[in-house]
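Asks: Here Swiss-Prot flags Asn10 as site 'Discriminates between blocked and unblocked aminoacyl-tRNA', drawing on sequence analysis. The tRNA binding site annotation in Swiss-Prot covers Tyr15, Phe66, Asn68, Asn114 and rests on sequence analysis. Summarising the annotation, Swiss-Prot assigns active site, proton acceptor to His20 and lists sequence analysis as the type of evidence. Per Swiss-Prot, site 'Stabilizes the basic form of H active site to accept a proton' is recorded for Asp93. The region 'Disordered' annotation in Swiss-Prot covers 187-213. Residues or ranges marked as compositional bias 'Low complexity' by Swiss-Prot: 201-213.
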Amino acid sequence: MIKLFVGLGNPGPDYDATRHNAGFWWIDGLARDLKVHLVPERAYHGLVARANVNGQSVWLLQPQTFMNLSGKSVAALARFFKIQPQEILVAHDELDILPGQAKLKRGGSHAGHNGLRDIHAQLGSPDYWRLRIGIGHPGVKAEVANWVLKKPSPDHRTLIEDSIAHSLKAAPAMLAGDMDKATLLVHTTKPPRPKPPRPAAAPVDAPAAPGDQ
């Protein structure tokens, strides 16, 4: 089961609504669902909450180290409570996924994401779960730094919030250790709305009788 849920972002009001803080938004939603409150914990360099799920302690963490040093916070809590990498899930913004979509995976590269890069280094392993929350790509690599530190458009914000709400429905499966089910739930999007029935074709007039012409 997942014992440590981490959301990545940058601390402070200047960053609250930026794309890079999508991971924080996800943890905020999970905290609401579990009815716990995040509080500052200096020992773990972040905002922390503890939930009890079926007699098991589960931790929620928002590192307050700024993105590039996220691993310092994650490793501090994980090592103290002897949580293994495969028992950790990190929710983060993902450039290569469109707004409105999210993907769940275990392991793999950090793909240039500086928060993941530091978690890799501090844990000494890439073998943790990632919930990749789509924020879209600006289309030009040189614009990425500005893109992630800006607020999404209202339409994109709604799409991101929708994907967060949808992926949070997989949290019970994550807590139960059924990651196959969790993956299926995250990756299964809402079915398209059925198309309205086509109007019935207008009746074809019968040909006039010879005597009627």
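For all residues, glycine too, the Cβ spot is worked out from N, Cα and C.
Could you tell me the structural context for the features on the list?
Replies: Asn10 (site 'Discriminates between blocked and unblocked aminoacyl-tRNA') falls outside any helix or strand according to DSSP and counts as coil.
Within the same chain, the residues at least 6 positions away from Phe66 (tRNA binding site) whose Cβ sits under 8 Å from its Cβ are Asn10, Pro11, listed in sequence order. Classification of Phe66 (tRNA binding site) by DSSP places it in coil, neither helical nor stranded.
Less than 8 angstroms from the CB of His20 (active site, proton acceptor) sit Leu8, Gly9, Asn10, Met67, Asp93, Val148, Leu149, each of them six or more residues away in the same chain. A helical conformation is recorded for His20 (active site, proton acceptor) in the three-state DSSP classification.
Under DSSP, Asp93 (site 'Stabilizes the basic form of H active site to accept a proton') is assigned to a strand (E or B) in the three-state scheme.
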Asks: Around the Cβ of Asn68 (tRNA binding site), how many other Cβ atoms lie within 10 Å? Please give the count over every shown protein chain.
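Replies: For Asn68 (tRNA binding site), the count of other Cβ atoms within 10 Å is 12.
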Asks: Output, ordered by sequence, the same-chain residues six or more apart from Asn114 (tRNA binding site) with a CB under 8 Å from its CB, or 'none'.
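Replies: In sequence order, Met67, Asn68 meet the Cβ cut-off.
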Asks: Which three-state DSSP class does Asn114 (tRNA binding site) fall into?
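Replies: Reduced to three states, the DSSP call for Asn114 (tRNA binding site) is helix.
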Asks: Report the residues of the chain - excluding Tyr15, Phe66, Asn68, Asn114 - with C-beta within 8 Å of the mean position of the site's C-beta atoms, for the recorded tRNA site, in sequence order.
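Replies: Here the non-site neighbours turn out to be Asn10, His20, Thr65, Met67, Leu69, Ser70, Gly115.
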